[in-house]
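Below is one structure, written out as structure tokens, with a few remarks after it.
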């Protein structure tokens with residue numbers, strides 16, 4: 001505003017604009033530092049030796065080493081936990097895409113008795129606090145021997161995304177021009193064919209958004225995993241990290257190495273698909 | 001980030017396609033039209049079946065089970081529940097000498113979080129978005145950097161915060177280096193009963209600012225530039241324009257941001273569980289209602305507290321619904 005509002009009347013106006021711009025960038029950089037602060041220390045901590053850890057207030061490691069990272073990855077079996085996380089996240093995303101693109105197609109395109117009621121039901125689930133659902137889900141799963149398995153994580157996690165996924169995908173499906181469907185039907189395509197060949201390609205950006213909005217929280221999921229996974233062979237990365245804190249005095253260089261292994265994949269994923277993610281969040285709120 | 005949308009736009013999003021689609025089948029009529037409608041409905045039920053089944057098992061059944069359990073006493077192992085009616089609720093609210101005070105203190109802490117987090121998030125996100133919007137260069141890079149706390153929110157980042165906040169950690173070292181040694185916390189920011197809760201609140205705000213900033217940023221970019229030019233022509237400066245024109249225009253975004261963070265403050269407890277433990281250390285000074293319910297459900301070993309945990313969960317649910325209704329009314333009255 002300063003730039004447009006003050007056409008160089010006096011020489012001071014220009015310096016004032018320059019000053020304002022400097023202040024703006026300084027403030028932005030300031031918050032960038034705040035934003036990155038714990039990550040920077042995560043990286044520095046993971047490069048420290050046990051002896052360096054005696055002075056955790058020093059940012060630069062006195063004897064930088066990648067041994068802690070390498071040991072965490074190999075000997076502490078973070079590679080295995082990484083694969084478990086990948087499996088749980090992948091299956092959850094797949095489940096969400098299959099189950100809720102089908103349902104949302106029905107909500108957004110087809111007409112049937114009870115549509116509005118059913119839709120409202122799903123969306124109302126948003127108001128249920130996760131802690132209210134956690135205990136009954138765990139009890140239900142232990143009754144059916146699902147507790148502690150990856151499937152036992154995936155199913156409730158898929159269900160947990162129902163409100164948002166249905167909301168986003170229904171809006172996307174409803175926005176596809178109806179003429180496409182009519183034309184395909186005229187050509188003799190069945191409902192499944194119309195769904196698969198016409199509608200799914202048309203809503204691909206929304207599908208990517210939903211996949212992102214599912215993948216990120218699932219990768220970081222902690223509360224349900226913590227109370228359901230009990231065998232180390234099934235641990236996901238957040239639980240493996242939690243497990244490191246349980247062993248007596250926390251060795252922060254090892255913890256930070258583990259933490260780095262948890263956050264790096266999700267940061268990479270975010271950077272690659274940022275556009276979809278940002279648009280999706282905005283779409284979720286604006287509808 | 002999701003609560004605001006269904007209450008405000010969900011039904012509208014649904015009403016749109018319905019209205020557009022209704023004309024087609026009625027115009028046709030006859031048995032062919034009816035057969036087509038029946039086939040469409042059958043397809044629709046088949047398409048929604050997986051979602052409904054999942055919802056029935058992990059949504060409805062669980063909720064019903066939890067509601068029933070909230071009227072019973074059970075330790076999770078004994079073969080039978082003992083029915084106690086509303087006793088669990090009354091015990092939590094005022095009657096039990098052990099649990100009622102815990103709930104009361106956790107409720108005060110939750111209230112503090114519910115006031116502080118939304119306020120701080122708005123107070124930081126709005127100016128940040130205005131600044132970000134006026135900076136042409138680096139906007140995308142900054143947005144990525146600002147977004148990391150949200151993308152990574154989870155145990156890894158909370159442990160990193162724990163690491164920098166410990167007694168001889170980075171924050172204390174920085175404060176001492178800047179000559180602000182009096183502000184340093186020798187017991188660590190999470191170890192001092194007076195600073196523990198505010199510290200966790202700061203971390204929660206840090207995690208929530210990205211979404212708030214992004215929402216404000218989109219709001220700013222959708223504003224009509226003519227409006228801002230008109231304000232500038234009327235002689236309004238940068239400060240005046242933002243305060244008297246932009247801020248009022250973005251009120252719906254403020255409402256959404258406040259609601260999202262209210263919901264998170266009411267229900268979320270993961271930050272607390274990781275950073276200060278299941279007991280709300282030190283000495284219960286960071287105990288919140290979600291954490292209390294989680295503890296009663298999962299951390300009490302063989303104590304018969306599962307009914308209490310369920311009851312507390314349902315009390316939280318009731319407050320959440322109340323908040324959502326209030327928000328809906330507030331949005332309607334401003335619309």
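The backbone N, Cα and C atoms fix where each Cβ goes, and this holds for glycine too.
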Range among B:1-35, B:36-70 that TrEMBL annotates as region 'Disordered': B:1-35
Annotated transmembrane segment segment (source TrEMBL; candidates B:79-105, B:106-132): B:106-132
Annotated transmembrane segment segment (source TrEMBL; candidates B:174-195, B:196-217): B:196-217
When counting Cβ pairs under 8 Å to the transmembrane segment (B:44-68), the leader among B:106-132, B:144-164, B:196-217, B:305-326: B:305-326
Chain residues in Cβ proximity to the transmembrane segment (B:144-164) (below 8 Å; excluding those fewer than six residues from its ends, i.e. six or more beyond): 128, 132, 170-171, 190, 203, 206-211, 213-214, 270-271, 274-275
Residues of the parent chain within Cβ reach of the transmembrane segment (B:196-217), under 8 Å, 6 or more residues beyond its termini: 1, 109, 112-113, 116-117, 120-122, 124-126, 128-130, 132-133, 143, 146-151, 153, 157-158, 161, 165, 189-190, 250, 253, 256-257, 260-261, 264-265, 268, 271-272, 275-276, 281-282, 285-286
